[in-house]
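Features as listed in TrEMBL:
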- 7-26: transmembrane segment (TRANSMEM)
- 12-141: domain 'EamA' (DOMAIN)
- 38-58: transmembrane segment (TRANSMEM)
- 70-89: transmembrane segment (TRANSMEM)
- 101-118: transmembrane segment (TRANSMEM)
- 130-148: transmembrane segment (TRANSMEM)
- 154-174: transmembrane segment (TRANSMEM)
- 155-290: domain 'EamA' (DOMAIN)
- 186-204: transmembrane segment (TRANSMEM)
- 216-240: transmembrane segment (TRANSMEM)
- 247-267: transmembrane segment (TRANSMEM)
- 273-292: transmembrane segment (TRANSMEM)
Amino acid sequence: MKKMSSQYLYTFLLVTIILLWSYGWVLTKIGLSYMGPFTFAALRFLLASFAMILVLFFLKPTRPKGTEWIILFIVGLLQTTAMFLLINYGMMFVNVSKSSILIYSMPIWSGILGYIFLHESLNYYKVISLVLGISGLVSIIWFELFTIQNKSVIFGECLLLLAAISWAGANVIVKKYFSNHNKMIVSTWQMIFGTIGVVVAAILMEWGQPIQFTPISIFILIYTGVIASSFCFTCWYVVLTKLDTTVASISLLFVPLVAIFLDWLLLGEKMTINIAIGALLVTIGVYLATVVKPKERRKIERFSTNIKS
């Protein structure tokens, strides 16, 4: 009974994380109207890093050693500096729905980079997921590319795709060098190093530009920094240790879907047919790339081998 109660608690926590992350996408879009994209990212992650440092202070985990610091610095540049600068700048031109779908195509790119750099097998599931995922991305982008030809939107979408690839690159590095490490430590230190890069970019690119500090903008910064970044990532790592990995992977699929709904509900964005098709294809592609159980994959591979022989 106690174990079942704990499972309900962690499942509730997982649902909470999904909702908080999804709402964070909407608030980010609103927050960009109060300040420059790099400044927004800098203030957000200064708050997030401070909160994560407080968490580490109370947990008192072991520190990284030797060359691990250099690798964490590189991860920080990819996962925090590059990723969120690209996201924030891209979202200046792209709505929440498209942005969230493009970013959460990350597992598809992780599969490609894992195949190239980690020599992971590229089985039929991954190939199918890649085809579906890219088809979904094309479905999202083609409308501007071939119909409206809105160059600023296309530019923003390309930035968001680069952000997803940067996130995937960071994940591949973490998998190679930190698979057996405390992920809370990895997340905190990469965030700190990445924040330094974001702050430098904000100073170089947006120094002197106006910042509107209002109750709304301050709330958005606190929400995206402390709640959506620090709190949610801390809870995420707790959930990963307590729930089945499959359940955790599925949860990633719901963030862009809920974000699309909130984008329609709160910002009045219309759901076009190309976005709906793209969201469906990317979701199925990510599902095949990350969620299908290894046992089921082995069955498919054995079946395919038997056909060949």
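From the backbone N, Cα and C atoms, a Cβ is placed for every residue, glycine too.
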#### Entry: Touch test for the transmembrane segment (70-89) and the transmembrane segment (273-292), at least 3 Cβ pairs under 8 Å
no
### Query
Taking the transmembrane segment (7-26) as reference, which of 38-58, 101-118, 186-204, 216-240 has the most Cβ pairs under 8 angstroms?
216-240
#### Entry: Contact set, same chain, for the transmembrane segment (186-204): CB under 8 Å, 6 or more residues outside the stretch
36, 38-39, 41-42, 45-46, 48-49, 52-53, 55-56, 64, 69, 72-73, 75-82, 84-85, 170, 174, 178, 229, 233, 237
### Message
Short question: most Cβ pairs under 8 Å with the transmembrane segment (273-292), which of 38-58, 101-118, 154-174, 216-240?
### Response
101-118
### Summary
Averaging pLDDT over all residues of the domain 'EamA' (155-290) gives 88
### Task
Run through the domain 'EamA' (155-290) and tell me, per DSSP, how many residues are helix, strand and coil.
116 helix, 0 strand, 20 coil
